[in-house]
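Q: Sharing a structure here in structure tokens format.
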Amino acid sequence: DGRVKIGHYILGDTLGVGTFGKRREIQNLKLFRHPHIIKLYQVISTPSDIFMVMEYVSGGELFDYICKNGRLDEKESRRLFQQILSGVDYCHRHMVVHRDLKPENVLLDAHMNAKIADFGLSNMMSDGEFLRTSCGSPNYAAPEVISGRLYAGPEVDIWSSGVILYALLCGTLPFDDDHVPTLFKKICDGIFYTPQYLNPSVISLLKHMLQVDPMKRATIKDIREHEWFKQDLPKYLFPEDPSYSXTMIDDEALKQDPLAVAYHLIIDNRDFYLATSPPDSFLDDHHLTRVPFLVAETPRDELNPQKXKHQGVRKAKXHLGIRQLDYEXKVVNPYYLRVRRKKMSLQLYQVDSRTYLLDFRSIDDXIDAEAQGKSSEASLTXSVT
């Protein structure tokens, strides 16, 4: 029918054209997995082009949203800014500075959640090294960038984030002029208009983020500790343990590129509660009070406010046994428990109406025993009442 097919994908209409989709952006994005950063699933290279299969978000650019709707209310501005800063913090923790943060590079999904995109100007940071490249959009660029001075990297993203916050709250830019030299002077002076309707608390945050001297400029730590920013802050944005991930990833599967693409597409697009999960009525059965359903607060819960949440039930003592054996478990539904790190099988026996016997059996031990012609009945059992 005349359509072009690349790998498993059929090309549709061209939505836009960019000039920085090169190897650096590909290397950066393929490493990233964060709820507020656009995901790169796959890269297909041809002699003339590089095709990047990326996450689709339907809400368009934050810039277009502000132009159409004007300034956002303080609560909504804070929610989006918290999400953006969480993504920026993730970049910096992985030694990447974006360098071109602006509303045009922040996309919105179907639930009005922010997604940072376009890492074409990003740069990998190294300890002790400074950058000099003047890049990014002038209205959002920090004074040290437009003046050609050396900069470490993270501080320029803080400045740009401050400009985005101002745009969210005011619907305009803090520094703007059609005459570029005049615009640069305004940025280097660091003086901007603060409307009377702005909360004094957020004004203090803006002034700290838009500090001309990068040494005095707010850090992510400063912003996170600011009273205005901490209001209604979702826990998942800045977990206490940065290594924590709500998704348990099979490293072996990710080594296979086609499997990796399918794996992440399924994880990112499924409903958090699987189709195999029992209806709410199942959770009312007193026999299941010993078998917990997954009820931990997760990014997906926070990002989809319309999703009905299940009521929690009491955790079973079996979880203590699994942890004691150094296993990691994930409850898919009340009758399906996934365990990783050591290959093992679990079987649940009902002893009577109130007692169950949970049988842990090592698959490897069973295979070895069968190979030696021995009985494979040895197992670890735990009584659950």
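In case you wondered, yes, glycine gets a Cβ from its N, Cα and C as well.
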Q: Give the range, chosen from 22-67, 114-159, 252-297, that Swiss-Prot lists as region 'AIS'.
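A: Based on what Swiss-Prot states, region 'AIS' spans 252-297.
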Q: Suppose we draw a 10 Å sphere around the Cβ of D100 (active site, proton acceptor). How many other Cβ atoms does it contain, all chains included?
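A: Neighbour count, Cβ to Cβ under the 10 Å cut-off: 21.
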Q: What's the most sparsely packed of the modified residues T219, S353, counting other C-beta atoms within 10 A?
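A: Taking T219, S353 as the modified residues, the minimal 10 Å Cβ count falls on S353.
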